[in-house]
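Peer 1: This is the structure, below, for whatever I ask next.
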């Protein structure tokens, strides 16, 4: 069954179907101002106002009706008043028999007003089809109105957008769904924490020594190892010097300093001897385990003095004029 409701915001009246009201619990959205309101507060049957409203729009909507309406109202009285005068003038030659013209004078003017009245009646008849046409139009409008009702009865299969949104919100607010989401969030957080511990395990162990046992147990299960972090930007050579002890003997002294606030892994050293044109004559590398004093890590802010003895028996030893020392992690 169809009803008519009115928007309290803009006053627009439109039709709704009972099935739509059941699905949305009476809530609808105005198609003019997009205001959502309760349609049950102002609900009227859709077919109640149609019968009385059918006659007024038909004469106003049909073009011949305005011409027909004034003719049956105003013109008929005028010709009705004129025929008596004409009738009195016509029986003028027979005034002598006074009793006779009285009965005959009355019926004679009757056909004349009838003929005169036939014209407005014809006009009325002409107007009648317009009323019928208007009635047909109204009937057609009513029949046309019934078609959307049929379509609207099938429309409840497709729910309004705000109803679907309300159902989706209600679904995500269910306790079971919230518990599942909380468990998923905890699982993802644990997975993220594991990834961070895996990638930054060396830095975490160096910065937080108390966490080293837990990280060691974590690595035992995953098969990884914990080593001092490698930070080449914080391990620098503070000073160095290359001294000739003999024609083929050299002594290299340097001081390595850790500028980081955590312990770092001991780096490797590369020493390159060059000639006057900065061409490489000899290059040699020492790893931390090959140094005279093997060292695995450097404490925060610590300095490490190092002395290396070199035997340089290259045929171009006399061409050696400079050197380069570089710290790196292999």
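Glycine too: its Cβ is placed from the backbone N, Cα and C atoms.
Not my notes, these are from TrEMBL:
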DOMAIN    4-39  domain 'Zinc finger/thioredoxin putative'
REGION    47-161  region 'Disordered'
COMPBIAS  48-82  compositional bias 'Pro residues'
COMPBIAS  92-106  compositional bias 'Pro residues'
COMPBIAS  114-124  compositional bias 'Basic and acidic residues'
TRANSMEM  176-200  transmembrane segment
Peer 1: Is the transmembrane segment (176-200) packed against any residues at least 6 beyond its ends, judged by a Cβ distance under 8 Å, and which are they?
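Peer 2: Beyond its ends, the transmembrane segment (176-200) has Cβ neighbours at 215, 218, 222, 224.
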Peer 1: What does DSSP give as the helix, strand and coil breakdown of the domain 'Zinc finger/thioredoxin putative' (4-39)?
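Peer 2: Split into helix, strand and coil, the domain 'Zinc finger/thioredoxin putative' (4-39) gives 7 helix, 14 strand, 15 coil.
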Peer 1: Please work out the mean pLDDT for the residues of the domain 'Zinc finger/thioredoxin putative' (4-39).
Peer 2: 83
